[in-house]
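Down below is the structure, laid out as structure tokens.
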Amino acid sequence: MKVESRENQPSAASADRSGADQESGAAERPDPSKKTDDGKPHAPAENGQKPPSNAKDPSRPRRKKARRACFACQRAHLTCGDERPCQRCIKRGLQDACTDGVRKKAKYLHDAPDGALMPGVGGNFYSSNNNNSSMRNNLPLSRNGANAVNANAQQNTGANFYPTPQSTSYNVYQENPINQSSFTSQSPVSPTFNLKTNPTARTNSLSSVGQQPPTTTGVSGPNPQNPFAGALFDPSDPALFNFDLSSMNFENRYGALEFGMLGHMATGAGDSPSDSATQRGSMGRSGSAQFSNTPITGQPGFGESPGGQQPFMFGDPLLNEWPGGQASGQAHVNVGGVYPQSGQGSVIPGHLSKTDAPHAFTIESGPNFASPSATTSPQMTSGFDDHALNNAVAKSNGMANGQRPTISTPSLKHQSLQIGAKRRPRNPSSIYESVKEPYAYTNRFHNLTACIQRRFSPQKTLQIAKALASIRPSFIATTKTLNRDDLIFMEKCFQRTLWEYEDFINACGTPTIVCRRTGEIAAVGKEFSILTGWKKDVLLGKEPNLNVNTGGSSLPGSGTTSRSFTPRGSVGESTAPGRPQPVFLAELLDDDSVVEFYEDFARLAFGDSRGSVMTTCKLLKYKTKEDMELAQSDDNQRWNNHLRKGGIASEAGMNQLGFKDGKVECAYCWTVKRDVFDIPMLIVMNFLPCI
């Protein structure tokens, strides 16, 4: 009995091992040619079973690690292979159900489709399940029985369609102009891309029957056999966006695609006429992408560029050239046939109605790229499109009607397209090339002294002189070691800093001025001119200063009778009134405000480098002799009419502040900026009127 039990043990053990192999596939059968640890070949067991292999044997064949296990091996936590079906599923008889297992996605990928994360799938994720040619050929696409799918005349034409997330129906648009349209749903915001289709899909694309009038057909219903029921583009296909994933420092493919899609949407947000994104099918202002077919080849494409030209996203040279081209008379041809000519009675194929679309603004663009309003019609032309060029291109492309619609944006006026030419150059290198001489601060300080003596009384002139005398030794100490090159460099620093501040002044809605340390106005904002009536050219010395408003506390020339002072300057440099020269800050404030300013300036000039002063003042309005006579004649009547019409609610109302006495009471804050030599370089002042 014991002998029989021993003989039965190997068979039972082998049966258990065979069952384990069938269930888990963990055990392996060694090669008979391989040797054991003692150098002897494996000998078959008495019952015909091979002995198990030694896992520590260095000559044991190593199994290649699979990129992704199948579902069965993943569930059993077993080693799988790259082939499908894998060897373990074949042994277990599960070769028909051997598919790649689904990995647990990260939190930021929870909304990503499973197929988009599978390696090697690419753009075939959606198209592989929706490219049944027999279904497309037999699919009726007719709303009222007028249109059907013609499989014989479909080789060079494509279909334009839109996904609508609100319902399960899709609008399919034919290539011919559509006479009537009924768009009831709004498409989601989608980026621009090329719709890659295989030859089977291109051969079986949609077209309208030549004898039937072109109408809008619809494909509806969540039919699983509907080839359009799936998604219309694959976000995991990098060819759709034409950017290299390997060049992006992303460990995840889907994250790189998401980053590229956001950049692609940002570059296509400006709905400009000749923008290459528009030619490829730019984002519509109603939040939907514009599908179009190339008239050159007739092949389907999502806004493909002409002549098989590959679209591009980053470094697009056409993104910023269209304002200059339009202003110079160059016409930009509509590549995808997006906008039809006005008067043809047709609507835009593949474009939804804009009546329900919100207003949009172009991202990171100037006023030249202002987005059109939702009520404007894209069929209208701006009046400066070159139709002759459009006709010539249309004839060269073999179009029957000989007309090519042009992309036009009616809300962009022709005058606004020429604004860019008047803007200053964005390259500050011209500053370093133009400054050749140091600024004559000595002469300017003498001019300031003469201006103060002409306007203020001797008592207030003495107060200002004491304040300036307190900082005079500091100026001498900081400038005595500077040579001519240092002074030229100082002026370059000033001009470069002023060049930077001009952008801030234009972007800020607060009345702002920038002065030199002498008090001369160097930059001024539009709001300050509106508030005080001082024109920018007058403040900068480009036009004569004809102001006679000095606040009324002292008469002009009252300070010049007490002493005979002749300012030092070059020949012909006169301080006579009316000579075009920059206006001093002392001419913009009333007497008390000027004295208070210079007392604060004496404490702040060489004191706290980051300090500022916040106080109140009274600005003097710009008034000529004619303005003073007019104000005295109908002062009360104009002021009462102004208050009756709504106060200071508009630009004209702000200009009327201080109309009665010629002074505008303001609260202002100012600070001193120093240069590299720690010398006061400029004074930045912000004003707010006290209402």
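Numbers run from 1 along the shown chain.
From the backbone N, Cα and C atoms, a Cβ is placed for every residue, glycine too.
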Annotated stretch (DNA-binding region, per Swiss-Prot) among the listed ranges 70-98, 447-475, 476-504, 650-678: 70-98
Counts by DSSP class (helix H/G/I, strand E/B, coil) across the DNA-binding region (70-98): 15 helix, 1 strand, 13 coil
Local confidence of the prediction over the DNA-binding region (70-98), expressed as mean pLDDT: 89
